There are 4 protein chains.
Amino acid sequence: MHILISNDDGYTAPGLEVLAASLSKFADVTVFAPEVNHSGASNSLTLNRPLMVKEAANGFVYVNGTPSDCVHVALTGVLKQRPDLVVSGINNGANMGDDTLYSGTVAAATEAYLFGIPAIAFSLTGRAWFGLDQAAEIAVQIVKQQIAQPIQAPVLLNVNIPSLAGGQIKGTKVTRLGKRHPSQPVMAAQTPYGEPVYWIGPAGEAVDASEGTDFAAIADGYVSITPLRLDLTHYDQLPSLSAWAQSL
Amino acid sequence: MHILISNDDGYTAPGLEVLAASLSKFADVTVFAPEVNHSGASNSLTLNRPLMVKEAANGFVYVNGTPSDCVHVALTGVLKQRPDLVVSGINNGANMGDDTLYSGTVAAATEAYLFGIPAIAFSLTGRAWFGLDQAAEIAVQIVKQQIAQPIQAPVLLNVNIPSLAGGQIKGTKVTRLGKRHPSQPVMAAQTPYGEPVYWIGPAGEAVDASEGTDFAAIADGYVSITPLRLDLTHYDQLPSLSAWAQSL
Amino acid sequence: MHILISNDDGYTAPGLEVLAASLSKFADVTVFAPEVNHSGASNSLTLNRPLMVKEAANGFVYVNGTPSDCVHVALTGVLKQRPDLVVSGINNGANMGDDTLYSGTVAAATEAYLFGIPAIAFSLTGRAWFGLDQAAEIAVQIVKQQIAQPIQAPVLLNVNIPSLAGGQIKGTKVTRLGKRHPSQPVMAAQTPYGEPVYWIGPAGEAVDASEGTDFAAIADGYVSITPLRLDLTHYDQLPSLSAWAQSL
Amino acid sequence: MHILISNDDGYTAPGLEVLAASLSKFADVTVFAPEVNHSGASNSLTLNRPLMVKEAANGFVYVNGTPSDCVHVALTGVLKQRPDLVVSGINNGANMGDDTLYSGTVAAATEAYLFGIPAIAFSLTGRAWFGLDQAAEIAVQIVKQQIAQPIQAPVLLNVNIPSLAGGQIKGTKVTRLGKRHPSQPVMAAQTPYGEPVYWIGPAGEAVDASEGTDFAAIADGYVSITPLRLDLTHYDQLPSLSAWAQSL
């Protein structure tokens, strides 16, 4: 069992270190992770320059690129052996609802899924790594379950784990993605020379956190597992849009 | 009618200039585009630094960030007036099948769609801008159709226009996204110091270009319009995954 | 007479456009300039990725790198013809005293000087390009003087031109670099998530603006021309340091 | 005795770790180093975005900026206590002759010198860190000498240490900077899409490696110490240039 691990917080992130250490107890583990933090990277690929692939003292491989770059170069030539599973994380903060689209953590897993390899993204909902060891145990359980009973379909799982004290997690729920309100307004600021600059604002509050969503599961103290698909075609709109396009 | 235009090729790209000129004949047009090329940017947002928003001599606004950044800052505070429509492009090259996930052109439109604004991404399938003027005319037709008969649903359209000589385009097809083979292997190279580096390889050939796909429409000489959705939940897998997760 | 022009404000900067237009009236002009602003770039060279060299619609060549990169690639292979002279600017803002060390404008000229080509850096002391046309006329005079009576030595000139209304400039002074106070403190700020960030503060006020300095010349309404050298050895300290090092 | 340490290879570089460990045996040591490698950064300062200043697990502070940024933010507000000495390195590779102008290692020391703090840059001439421990011992000797007998002048020392086996170093020489031939031509390459790109070529061979230069000292197996100055005015050219400028 060979597992490739990546993340978006960078190769020195505690969430990555703990995940790699936990999985290496029962599997061959290879780490390809970004040299620096790439939160918000989405599925971006670096196309205008080549990537450097280096090995840190602890054996982790780091790449001066995005999470998608890391998994992409590993799978398309740098890694000699095709991994059996790709996991990403454990991320510093939740990746729920619309966040999923922007998440570099999810994107690293997505890249593997597009190459036909089962992939799981793990995120810890709180900041400051509270509950990280417990989250790693849960990640191990889920990975072992996938090894013991492989899901019989291409699979991309988005797992969020609540930052709770040991023993406080109530169980696991399989969920759909919730929805957020639009993100908060840009935060205007100034350079020392008086020029205006704008920070992207934080994500909006959940607007659909109803029963069955990832938001609801986390709020109730459960681990949330959401299966993802990447077929972006809006099939339901095909008939009406065909009618609309007649007039063109 | 106020239209916000963005792209991923950067604010000096011919595809953007022609599109803006064409749409400004019948609508108020504002351009927020990246300062430099961001092909492959996907939905990435810049979270680790603030963005500079400047105006070029021709009135185009450029941002030192990604396509998603451009539309995001416009809609969350920099633009005083909420636009009625957001269009992106015209991109230098196709955005079909799995490319859609990585495309900055599509991402700029996606950002608007997530804010509840109708959004259309336009791409010209060939390189070197062959057929650009014709493509702009087609973009105008589609935009006018959306203004005259607004689609009665949240709408995100991915439009690919074939690079054909004038009059050679056969019509318009509403399509689903096709699929590509995995991308080509990384291209290994060396720095002048002998260190290895790796370029991300080109996209793979189409593997599902069957009737009804965007690949098929373009190959047959039609404009392809694909409606997109961004709900990434894999609803079909929810039941089986729930059973699977019982054992956790 | 073939003149290579670069700058650090980027290839779309008005100071570059005006300078290129003025010099092209009597010389063959080639522009290699950075794609985006690189103020503060100093002599930095890009060593971890290759550079892209592209041509804009107006014939200017732009490079996705630093000012030094632009001149370096032009002189070491991209430009077929070795230029007779390299000029840099006209910069948006002064480059006087200690600023010279950090200036990308001066660095572009320095790069040429190191390759044995006479080089002149031009800066306009005010912001917002006030007095730009007059500055271009003065730049033309200095360039023509160098062509007519070439300085009989390797030459790197740092020229600052005051932002004054037409006819208000009193003449030209050959100066030494003044000194500044240390720069102002960092400006602390916060991300939208409450994390601290720090902006580099503005340059300090002049501490040596005495007669004979560039600061004094500009304050008095003169163009300042300072010859620069790049031999960083502190010859005066060699004897005492040799004694000191005996004890090692 | 409080010593601030920086470098240009990044905060995880072995040369930095060994230097910090060695100096912390007899002094209070603070590290402010770049997050990633910035070889070739020269004195560049980051002016278009704010800097993030974070602490690694080992207590080293890292900054997402250049070597000059690191020392600048430390000295202008982030560090509570003004250091007594700033050292930079130990660099992976020589910084001799004209390299000095481009070196980020030297630039970090330069930044301190400009703030009136004694500063020393250390470089190990070979690659792959051969002889690093010996180099650290030599760095300790030089630092202790500066503490015991402070040089009675503003001081910026550029120290190069040969990569030799233990005991093979013959002694120390105080030197002037040599000169190099112009650097090698750009190395042309191609993207996977066939677009040309250009790598900056390696530095040229020494052209002035005569007795008394840093090149000669290193070639002969000695540690080279070169005192640097940053007054870029070419005083010798002032008279002739004044005559020349009369005609303007």
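Glycine is treated like the rest: Cβ placed from N, Cα and C.
No curator has checked TrEMBL annotations; they are predicted automatically.
Residues A:Asp8, A:Asp9, A:Asn91 are given by TrEMBL as divalent metal cation binders; from A:Ser39, A:Ser42, A:Ser44, that same site also lists A:Ser39. In the three-state DSSP classification, A:Asp8 (divalent metal cation binding site) falls within coil. A simple Cβ count within 10 Å picks out one of the binding-site residues A:Ser39, A:Asn91 as the most packed, and that one is A:Asn91. For the domain 'Survival protein SurE-like phosphatase/nucleotidase' (A:3-182), the mean pLDDT of the prediction comes to 97.
Around the Cβ of A:Asp9 (divalent metal cation binding site), 23 further Cβ atoms fall within 10 Å across all displayed protein chains. In the three-state DSSP classification, A:Ser39 (divalent metal cation binding site) falls within coil. Residues A:Asn7, A:Gly10, A:Ala13, A:Gly15, A:Asn37, A:His38, A:Pro67, A:Gly89, A:Asn92, A:Gly93, A:Ser103, A:Gly104, A:Thr105 surround the recorded divalent metal cation site, their Cβ atoms falling within 8 Å of the Cβ centroid of A:Asp8, A:Asp9, A:Ser39, A:Asn91, which are themselves excluded. Chain B lies within reach of A:Ser39, taking the binding-site residues A:Asp8, A:Asp9, A:Ser39, A:Asn91 and requiring a CB-CB distance under 8 A. A:Asp8 (divalent metal cation binding site) has a Cβ environment of 32 other Cβ atoms inside 10 Å.
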